[in-house]
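Below is one structure, written out as structure tokens; the observations come after it.
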Amino acid sequence: MTVNVTSIKTSSNGIWQGDNPLDYAFPLLIVQTVLVLIVSRSLALLFKPLRQPKVIAEIVGGILLGPSAVGRNANYLHRIFPSWSTPTLESVASIGLLFFLFLVGLELDLNSIRRSGKKAFSIAAFGISVPFVSGIGVAIVLRKTVDGADKVGFGQFVVFMGVALSITAFPVLARILAELKLLTTRVGETAMAAAAFNDLAAWILLALAIALAGSGADGGKSKSPLVSIWVLLSGVAFVAFMMLVIGPVMKRVAQRCSVENEAVNEVYICITLAGVMVSGFITDFIGIHSIFGAFVFGLTIPKTGNFAERLIERIEDFVLGLLLPLYFASSGLKTNVTKISGGKAWGLLVLVISTACAGKILGTFVVAMMCRIPVRESITLGVLMNTKGLVELIVLNIGKEKKVLNDEIFAILVLMALFTTFITTPLVMAIYKPARGIAEKTIRKLGDMSVHSKDKNVVETLRVLACIHGPTNIPAIINLIESTRSTKNSLLKVFIMHLVELTERSSSIIMVQRARKNGFPFFNRFNRDVWYNRLAGAFQAYSQLGRVVVRSTTAISSLSTMHEDVCHVAEEKKVTMIILPFHKHWRMEVDEENDNESHEVIENAGHEWRGVNQRVLKNAPCSVGVLVDRGYGHGSKNLGSEGTVTQRICIVFFGGPDDREALELGKKMAEHPAVEVTIVRFVEQEAESGNNFVLRQSPGKSADGSYSFAIAKMNRQKELELDEKAMEEFRSKCGEKVKYIEKGSGNVVEEVVALGESVDYDLIIIGKGRFPSTMVAELAERPAEHAELGPIGDILTSSTTGHKMVSSVLVIQQHDVAITEDAPMYKVKVHDENVAEVSSARHEITIANAV
């Protein structure tokens, strides 16, 4: 069926009136968009285990939907992607492309490029020059081999081929580096700076190629060389005008939308978005592609302040999530891999891939070696600079649009871009593994501090790494840190780490560039961010501020690897304890419409953040505390007033390594004059003979729904002795400053719930109980809601108990190499005479009641 494009209507009258929606522009566009999103997102999930950037999935998805695969079915192609729909699809995709290049311009900071030095410039220059020259050789071979290639002017064909082989995709490279945690290692920093130079050079060369492009393969009249010169001069004048005139204007706009002015005027956003479109129109009017104008306009936006971030927040999800995949689909529809047929064509593909990889990798490697960069890092740089992907596809599409590249050459170059980007991540992971320094002689737990601090003249330093998700965690962290600050010979060093998820959004990359150093989060005493200011401001009230040192940083990672950042910083900073915020946060909200009655609101960060906590607990190099906040620190309390008790802490002690660590923390808190500490000790009572049982490992049970206990062999008698010794030391050191309450082992659940419901305590501290006492072991088969907190911690935080808990909870896990492995277990009752027999098994814990 032949359709007159001028007769195409936007929308149908509906199927009941006999119209097929797929014969109308807008309904068909909706179907195309949904299909593209489903395919690209499905492939992204498929490629995720291979740690491939999303762009790979989108390019492959476009090719699969095109004539190379599914499109070989003529009925499908004519119904879903008919030729008359191409202008509509490409117009919508081009809007996405325009704003994407604006975002790329926003990411590129010209000041940081200037500061990156001669090394990055040299690497970028050689990294472009060698493959560009190689591209000339490949262009000559292709012109002689591929039918119709010689119909295009030699100059524009050579420039397009040179750009196609020499380009580095800055946005894709940034994503790969962030995923591999190499973004600002020495290799990452150099690669990013060189890629930024490369990007700028590539756009200049592309503008040159477009200016040189004549009437293409149509055999029309060739342009006068003066036309190309006028196009180039107009382009230079446009860039100069944007930088010298529009740049200062946008700087003033950004200043008016600074942090002080919380509400950004919508007028400025609208003007900026309109500026993107106008810039694109001007460069298209000149004769250079419209994306060049959008890219240059992005460069004029100041990178400091929050205006750039606000802009990105407004447009990037819509552009990157919806419109950009359409561009890949339209590219895929033009890519016909079947055009590469016969040994000669596949030989040309191998030649192009080999030349592109060899030119880029060898060119970068040689100059990196000349700059005295180690061999392994030099090879890694070459592989990283070989990243193609998105920007490459844009260049190829423009070349096909200008009819400089025919179908076969276009397909060969698309596959080359796909292959070079795909191999980047696995090659870098195989070649380069940066050395991570491991701290020696680190105090791993609070119990070790007591041993190291016998000399009263030595100032002991407690190092704490406190993680936060956002502002809501700050009051509780401040209160907890302050309560552990001893007023005697001790120094408290606090490292605050703001945990931020790395998403597919480009603004994540900007944040990563600002916040990272050496591949992991870094602490800068000069660049103090908003978290530092809030925390330091809170500590200003204390006269002993010199005894508290606060450092802050931001860790930006995908949630699956966030624990690596936390554990690495804990290792590097020789931290004694990590404090993690629980994934749920309770707060009181006042209902103004209902007589100002207050009610409890639960904010849930999500199951994935719970997974971060679980992985930190499993891999931490020191003790860990999980803070369950129910308004701890939100009251009008000031711990600075000496002699006034403003914090009431309860330490629940059942016994075991985790509970002893909680006791050690209680020792430090008891030294604070404004903190009242109460010890509630549960003591095992004599039980009838025959109540002995063992906990046996249960491989079939889920670790999320069942409590896990240590599978290591431990001496229970020795543990009981250590418990008694720890309690004696605590009472002798703290004396009458601490209240001491003993409870029997009756109904443990009821007793613990009563403590949680009591308004007598602001914070309850408990051990996780991985090597449990008899009383805790009795709860092994209780259904778990938050298994990572242990049985007692779960009781105090569970919403299934039907009780209203009011106290905040801190669950402590002691660092102990002997009990790093744990697993879900179930109870098996045994007779007295069999206790010794079963206790020898490594994956069993024997629970023998006192007789």
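For all residues, glycine too, the Cβ spot is worked out from N, Cα and C.
Of the listed segments 55-71, 310-326, TrEMBL assigns transmembrane segment to 55-71.
When each of 24-43, 267-295, 410-432 is checked for Cβ pairs under 8 Å to the transmembrane segment (154-178), 410-432 comes out on top. Outside the transmembrane segment (190-214) by six or more residues, the chain places 104, 108-109, 112-113, 116-117, 119-121, 123-125, 127-128, 132, 153, 155-156, 159-160, 162-163, 166-170, 173-174, 177, 183-184, 220, 222-223, 228, 231-232, 235, 287-289, 292, 295, 364, 368, 373, 381, 384-385, 387, 391, 395, 398-399, 402, 404, 513 with a CB less than 8 A from a CB of the stretch.
Long-range contacts of the transmembrane segment (120-142) within the same chain: residues 149, 157-158, 161-166, 168, 190, 193-198, 201-202, 205, 348, 351-352, 355-356, 358-360, 362-364, 366-368, 370-371, 381-382, 385, 409, each at least 6 residues beyond the stretch ends and with a Cβ under 8 Å from a Cβ of the stretch.
Residues 122-123, 125-127, 129-131, 133-135, 137-138, 141-142, 145-146, 165-166, 168, 194, 339, 378-379, 381-383, 385-386, 388, 408, 412-413, 415-416, 419-420 of the same chain, all 6+ positions outside the transmembrane segment (345-367), place their C-beta atoms under 8 angstroms from a C-beta of that stretch. When each of 55-71, 91-108, 226-246, 410-432 is scored by its Cβ pairs under 8 Å to the transmembrane segment (267-295), the top-ranked stretch turns out to be 91-108. Between the transmembrane segment (410-432) and the stretches 55-71, 91-108, 226-246, it is 55-71 that has the most C-beta pairs under 8 angstroms.
Sequence-distant contacts of the transmembrane segment (91-108) (same chain, six or more residues past either end, CB-CB distance under 8 Å): 29, 170-171, 174, 196, 199-200, 276-277, 280, 290-292, 294-301, 303, 308, 311-312, 315-316, 319-320, 322-324, 326-327, 329-330, 391, 394, 506, 509-510.
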